[in-house]
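The feature active site, proton acceptor is assigned by TrEMBL to Asp269. Sequence annotations record features per position, and here TrEMBL assigns ATP binding site to Gly100, Gly102, Arg103, Lys122, Asp134, Gly135, Arg192, Arg199, Asp279. The Mg(2+) binding site annotation in TrEMBL covers Asn270, Asp279.
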Amino acid sequence: MKLQISDTFNKVLPSDSNTTNARRQVFEATHSYVNPKTPTKPKIIHVSKEMANTIGLDESEINSKEFLSVFSGSKVYPKTKPYAMAYAGHQFGNWAGQLGDGRAINLFEVLENNKRWAVQLKGSGETPYSRQGDGLAVLRSSIREYLCSEAMFHLGVPTTRALSLMLSGDDVLRDMLYDGNADYEKGAIVARVAPTFIRFGNFELFAARKDLDNLKKLTDYTIKYFYPELGKPSKETYIKFFETVANRTLDMIIHWQRVGFVHGVMNTDNMSILGLTIDYGPYGWLEGFDFGWTPNTTDRQNKRYRFGNQPNIGLWNLLQLANALYALVEEAEPFETILNRYQKDFEEKSLDMMRSKIGLHLKDNNDLKLMTDLEDCLLLTETDMTIFFRELANFNIKNSENGISIIAKAFYQPNELKDIVIEQWNSWFKAYHRRLMKENLSDMDRKQKMNLVNPKYVLRNYMAQLAIDKADEGDYSLVDELFQLLKKPYSEQPKFEKWYAKRPEWARHKVGCSMLSCSS
Ligand SMILES: Nc1ncnc2c1ncn2[C@@H]1O[C@H](COP(=O)(O)OP(=O)(O)OP(=O)(O)O)[C@@H](O)[C@H]1O
Ligand SMILES: [Mg+2]
């Protein structure tokens, strides 16, 4: 197996001089060297061929013994030095101090086709940052991360990627619901890939410790390798850097809103400095459209990370990043301007996104009202978000009276619609029809465009759970089926039509389908 290794993070930036693998506070270093734990009996469950090719591996290399040993953590690739990154973070709105890669270990960076990729194992053992944890990950959460990160990529959402999913052969003790009923589960390891895994929290760590020297080194490194277009280090460059991160973060969140993805744990240690979706933990997909929904039972009380609040949390997290970068600029105003603009941009971009979802390409002053009225309608009775927008594309200008029957498939109780609900929908469809008359697209063209932004297939929570249940019994066929399905989320795939369906009733209150904790 031949990789074009091109390590920078652990070569350019200061490493922890202590190389023992004991939990500790780490100062004046961006990372600590640590080797992955050797798994007892590693076994490949799935490999993303596309991702393997992207980092320069062909079919025979994927099938090699070395692939299994390197991406399960049994063997360190020649001339590389694995490490865990140091970062801090705000969790659920509170400062949490040093966190760091407690169960992620970076293997190396490769440079392939002029693109830099960092490869990291999640679930491959303890690091100096493991705190109370065991450094491991269970099969269920690893399947969820593996499938969802690739699904998001194919949906066009900026994200970290997955290369492989493996069983470790070791059992892992978990209290899934935090209710005192701990049990052993199969351990697993996901190899994941991104240009870099640097998070907001990496900057916060140095800022909180007033370690300006290393804050600057980390920022300069990030700009040099990942934002080179911003120029040489200077106050202006740092401000442009923050502005670009803010824009990317907002764009990522608008994509989440477009596809109905709820991240579930938007702590600042889970915010990528590249604006990529990172950490597929207690995430979930909207089924019934609901701004207040969160899949994360750990967040059940405050619902801080609910669907409708994600854009605000993005802003809150950016404020924490601004506080960290402030020390390099020493002027608050430029940061304030950027944060204020985020709010304005959010409103505009979110309206544009909604326009595209309902097939509008021109701008009209009343569009905002049309959208809020639509959202009100969607909240009247449980209405499946994915199915609604997909079916709406069948709206016919010449036959505009039957709007509600076109989208009826999206209602969870289609036979129990109250008259007042029907009336409200009818009046929205009238307004929608009037508005469509101002556009100049044919029904066909509109449908085609809408189907490129409204996915037909998403990784519904119960789908992942079905794949997990089978995998627990050693059958990985559903992991592969969903993996293949989600490569083309916008296409009609008749052989997979069964996955274009509302959540079944049995999944409504089932653990893993509607309720997910951070235990993973
Ligand atoms: N089992 C574990 N052992 C050690 N550390 C853990 C474990 N689970 C989580 N952590 C650490 O706790 C912190 C918060 O966890 P969180 O659930 O956000 O991340 P994660 O799912 O482990 O990983 P990532 O953000 O890398 O995808 C992180 O620093 C993480 O490394
Ligand atoms: Mg995390």
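Backbone N, Cα and C atoms are what each Cβ position is placed from, and that goes for glycine too.
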Those binding-site residues in Gly100, Arg103, Asp134, Asn270, Asp279 whose CB falls under 6 A of ligand 2, listed in sequence order: Asn270, Asp279
Asp269 (active site, proton acceptor) and Asp279 (ATP binding site), Cα-Cα, nearest whole angstrom: 9
Cβ neighbours of Asp279 (ATP binding site) where a neighbour is any other Cβ within 10 Å: 24
Number of Cβ atoms other than its own within 10 Å, given for the residue listed as 'active site, proton acceptor': 24
The residue listed as 'active site, proton acceptor' versus Gly100 (ATP binding site) - Cα distance in angstrom: 8
Protein Cβ atoms within 10 Å of Arg103 (ATP binding site), excluding its own: 22
Other C-beta atoms that fall within 10 angstroms of the C-beta of Asn270 (Mg(2+) binding site): 21
For Arg192 (ATP binding site): DSSP state (helix, strand, coil): strand
From binding-site residues Arg103, Asp134, Arg192, the one whose Cα lies nearest Asp269 (active site, proton acceptor): Arg103
